[in-house]
Amino acid sequence: MSNLSFFFVFCFLATLSHAIELDFCVGDPSLPRGPQGYACKDPAKVTTDDFVYTGFRGEKTPNNVFGNNVTLAFSDVFPAFNGLGISMARLDFSIGGVVPVHSHRTSEVLILVKGSIIAGFIDTNNTAYYKRLEVGDVMVFPQAMLHFQINVGKTPATAYVSLNGANPALQLTPTSLFAGNLPADIAQKITLLSRKEVMQMKRIFGTA
């Protein structure tokens, strides 16, 4: 075996050894998050409850201008996900409610459990892939693609999503443009909206 081959095999085995060093790494959100997630909670203090998340229980009332309620189960609220490369969320829609155009650092898979929605994503060629989903349908949104969901049924709707990252982040395009500290004149230029339209959007988000 050449020295180079030996080096690569050694690196692989070292990585594998490190990967199986711990059975799990329940995060400790009281400590700063690093690039690889949270530091591990003392295994001696880990209990079964650390592996159970109850935040999806019960009815969720849509509570914002979009007519949705998004319940996140990322590693900061469900530390058992720390280091596993997965996370989840529950999406609840009022009649006509939407999850507006947004993106994550990860891919996403959605399953609809109540109602009827249109879900889709837009690729970098500006091609839109969208479809009306019924209960039991599953749709995948590739990594970092802009995507959306719209309740088009006559009843409230509910979906669950899973993402391949413990902290996939959530960036909503409308709130990024109009709910933050981006000046109105810049928002006007980059959206081709009029000054009046930009200010209307900022008032909706309480930043005018």
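From the backbone N, Cα and C atoms, a Cβ is placed for every residue, glycine too.
Note that the structure is a prediction, hence the values are computed from the model and not measured.
TrEMBL lists 1-19 with the feature signal peptide. For Cys25-Cys40, the entry in TrEMBL reads disulfide bond. The feature domain 'Cupin type-1' is assigned by TrEMBL to 54-199. Annotation comment: TrEMBL describes His102, His104, Glu108, His147 as Mn(2+) binding site. The oxalate binding site annotation in TrEMBL covers His104, Glu108.
Residue density at His102 (Mn(2+) binding site): 19 other Cβ atoms are found within 10 A of its Cβ, drawing on all protein chains shown.
Put plainly, the disulfide-bonded residues Cys25, Cys40 were compared by Cβ crowding within 10 Å, and the winner is Cys25. When the alpha carbons of His104 (Mn(2+) binding site) and Cys25 (disulfide bond) are compared, the span between them is 23 angstrom. The average pLDDT computed for the domain 'Cupin type-1' (54-199) is 96. Summarising the environment of His147 (Mn(2+) binding site), the number of other Cβ atoms within 10 Å of its Cβ, over all protein chains shown, is 24. Other residues of the chain with a Cβ within 8 Å of the Cβ centroid of His102, His104, Glu108, His147, the Mn(2+) site, are Ser103, Phe121, Phe141, Met145, Leu146, Leu163, Leu170. Counting only residues at least six positions away in the same chain, the Cβ atoms of Val140, Phe141, His147, Val161, Ser162, Leu163, Pro168 sit under 8 Å from the Cβ of Glu108 (Mn(2+) binding site).
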